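Engineer: Let me begin by handing over the structure; questions about it come next.
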């Protein structure tokens, strides 16, 4: 296959950051994504409807396409049921996000114990707001490669049991454990999968030298988990959909003695997913994963226009602009096999 036309995709998990970098991040994500779920882990985080709506306006102010940001509340131990009801009433906030305190970038204000937000989850279940989950424990005694599976067993299974009508997205899954859990759970439980977790495993990050631009959270796992993710994405199951978790950091914040977690893929997201699906002979499953399963789960209409991918190799720049600095993208200086037709 040398050409593939699909319904315009959406990104159900992206970090746009804030301030002077928005022009660059919104350009890259909005180039061919119709909508995106915007992560709220700013400094300070978007913890209430007012801060979420103000962030929405800052994003829209730099949009040059019809791209529509879908806003998310950042949950804390102090979030209230009234915060949820106000966010739902806004029409712009579609979900609320659990960051276990300290799990990832700018998560220090997150939830210290999920039981602290049970009244909030009750309100979310009542009003029909989705619950997005960064599924890792933060206990320093738990091996970093085991933190997702431990979170599922110790926390998420109980939440799913306690809130059977709550729609839950386990974000950026990285393990066979997560695939099996989502597949075995009710139709109210789904997951996003990133392009980099489909294309890479921990050998790419650690073998033959440390490659900091592959360092993200949840961390890349062994190749058996990568294969499980590919099988899930290409299975045709409606429970899995596109979420890039594209997370820009300035070059010097990544190439450092203590580098930041996050991989940048917004420059070529759908192209990278096309490579991943092609690698398992499943290009025919890409459209549902990228364009149908997400809006269907969120109860939103599918996009009505389309994009066309062509099999044409192109070289990725060494950096992309990021405010007054630069971000090193995944596949920098290398080629990608697919390209979106202008």
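A Cβ is built for glycine as well, from the same backbone N, Cα and C atoms used for every other residue.
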Engineer: Going by Swiss-Prot, 15, 16, 17, 41, 134, 217, 249 bind substrate; tell me which of 54, 231, 261 is listed for that site too.
Structural biologist: 261
Engineer: Quick check: of 187, 245, 252, which does Swiss-Prot put in the same Zn(2+) 1 site as 13, 15, 97?
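Structural biologist: Of 187, 245, 252, 245 joins 13, 15, 97 in the Zn(2+) 1 site that Swiss-Prot records.
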Engineer: Please report the three-state DSSP label of residue 97 (Zn(2+) 1 binding site).
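Structural biologist: The three-state answer is strand.
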Engineer: Nearest to residue 17 (substrate binding site) by Cα, among 97, 172, 245 (recorded positions)?
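Structural biologist: The answer is 245.
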Engineer: Using a Cβ-Cβ cut-off under 8 angstroms and a sequence gap of six or more, which residues of the chain neighbour residue 134 (substrate binding site)?
Structural biologist: 97, 98, 99, 100, 103, 104, 107, 171, 172
Engineer: Looking only at 16, 217, 261, the binding-site residues on record, which one has the least crowded Cβ, with the fewest other Cβ atoms within 10 Å?
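Structural biologist: Each of the binding-site residues 16, 217, 261 was scored by Cβ atoms within 10 Å; lowest is 261.
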